[in-house]
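In what follows, a single structure is set out as structure tokens and then discussed.
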Amino acid sequence: MADLRKRVTNKKTTDVDTETENEGFNQDSDANLDLDSEDDKSLGNKIDLSNTIPSGTDKAPELLDATLSSLPPRWRNWVIRGIFTWVMIFGFALVIYAGPLALMLVVLAVQVKCFAEIINIGYAVYKIHGLPWFRSLSWYFLITSNYFFYGESLVDYFGVVDNRTEFLRALVKYHRFISFSLYIGGFVWFVLSLVKRYYMKQFSLFAWTHVALLIVVTQSYLIIRNIFQGLIWFIVPVSMIVCNDVMAYMFGFFFGRTPLIKLSPKKTWEGFIGGGFATVIFGLLISYVLCQYPFFVCPIEFNEELGRMTLDCEPSPLFRPQEYTVPASLAPVVRMITGKNTVMIIPFLLHSLSMSVFSSVIGPFGGFFASGFKRAFKIKDFGDIIPGHGGIMDRFDCQYLMATFVNVYISSFIRMDSPQKLLQQIYSLKPELQLELFTALRDSLTTRGILQLPAP
């Protein structure tokens, strides 16, 4: 009897051990499922791309590097950075001189390069190079997004031209449906490309691609919209960011003592404040100069008679001096200087002041965001295409934030539909609808006494 009890006890113990082993096996299996592939095991929780993503901060052409080899590293970097800053400024001026079309093409090229730099980091993080179609899919979504956004601009500003031929008329009419169909095609393509062992990686990069599109493509679309409102709405904000970046670096280099933010250890309060004051002064000066020339202040419109884009117009009151009454507290001082309680100010200078404050106070946070992103992956720059500066994204991180602000600012405080744009929309209507609109407008103007019709 005792032997029988012993055998039963041993059996139960064996069963418990077996269940424990099975549970351990299941836990190991579940743990193994958390890793998509062998690459993930080597990746672990530590991500260091310093040896994968090239850095351009310390890079220089061989001849220049040899010439400056005797300088201390700090001053060597200062000289290289200064030289290529002026190269970029002169290049920017040359593109502006070439006209709005060249400017838009440069914006598109910058957008593509920024997208490539962000996507390359994603590839390096997830070691995805061997997966099928993902690189192709990323660029496919970029092309699709640009087709949608740039098509929207063409429809808004060149509706008359687009409706001249049957083919373009169909593209305009079904533009959003075509864009949606292209995106759905990419979505289906992505689902069909999924590989069992790489689900997590592929979905992570799918999200990475869409965030890159949101940051880069959407912002570049807003830049194009700003350009159509007049070159001044592009040149002034971009110049403010450049000025703030340069002057903050200069003040920080020579006077910086107090760290500003941990995300970017080299940034100082002295540079932040000095760059802010310099940007406000610079913004007012460049705004005053550009307001004197119709080329910079006129919106870009299509001239049907000339068959091309034009920048000829009568500058709006926004860019002409207007008389303002000063507050009572400042009236005695102004009266001592001018002899009256009013001052003549170009209204755009007041808007320029708002933009300069934003570019000085909020604009740098675009750079801080990019710094945090780079520190997360232990990289110094987004690339090495610009010696002394890094990648294209390193120089445009603040520009995209500024572009959004300017577009929202114009929509909220400035923009009014121009007669030319309204006419383009009317011309795109069917003839019977144009006639109906004409009749309704004529009757309304006659009723209000604005239009006097000749007696029958």
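Placed from the backbone N, Cα and C atoms, the Cβ positions cover glycine too.
The region 'Disordered' annotation in TrEMBL covers 1-53.
Tertiary proximity for the transmembrane segment (78-97) is limited to same-chain residues at least six positions away from its ends with a CB under 8 Å from its CB atoms, namely 60, 64, 68, 71, 103, 106, 231, 235, 238, 242, 246, 249, 253, 386-389, 395. Here TrEMBL flags 78-97 (among others) as transmembrane segment.
The feature transmembrane segment is assigned by TrEMBL to 137-154 (among others).
As annotated by TrEMBL, transmembrane segment applies to 174-193 (among others). Residues of the same chain lying 6 or more positions beyond the ends of the transmembrane segment (174-193) and with a Cβ under 8 Å from any Cβ of it are 131-134, 137, 140-141, 144, 147-148, 151-152, 155, 202, 206.
Annotated transmembrane segment per TrEMBL: 205-224 (among others), in sequence order. For the transmembrane segment (205-224), same-chain residues at least 6 beyond its ends with a Cβ under 8 Å from one of its own Cβ atoms are 104, 107-108, 110-111, 114-115, 118-119, 122-123, 126, 128, 134, 137-138, 141-142, 145-146, 149-150, 152-153, 190, 234, 399-401, 403-404, 406-407.
The annotation transmembrane segment is assigned in TrEMBL to 230-256 (among others).
Residues or ranges marked as transmembrane segment by TrEMBL: 268-290 (among others).
Positions annotated as transmembrane segment by TrEMBL: 345-370 (among others).
Within its own chain, the transmembrane segment (345-370) has Cβ neighbours under 8 Å at 232, 236-237, 240-241, 244-245, 248, 261, 263-264, 267, 272, 275-276, 279-280, 282-284, 287-288, 291, 297, 317-322, 324, 382, 393-394, 397-402, 405-406, 409, 413-414, counting only residues six or more beyond its boundaries.
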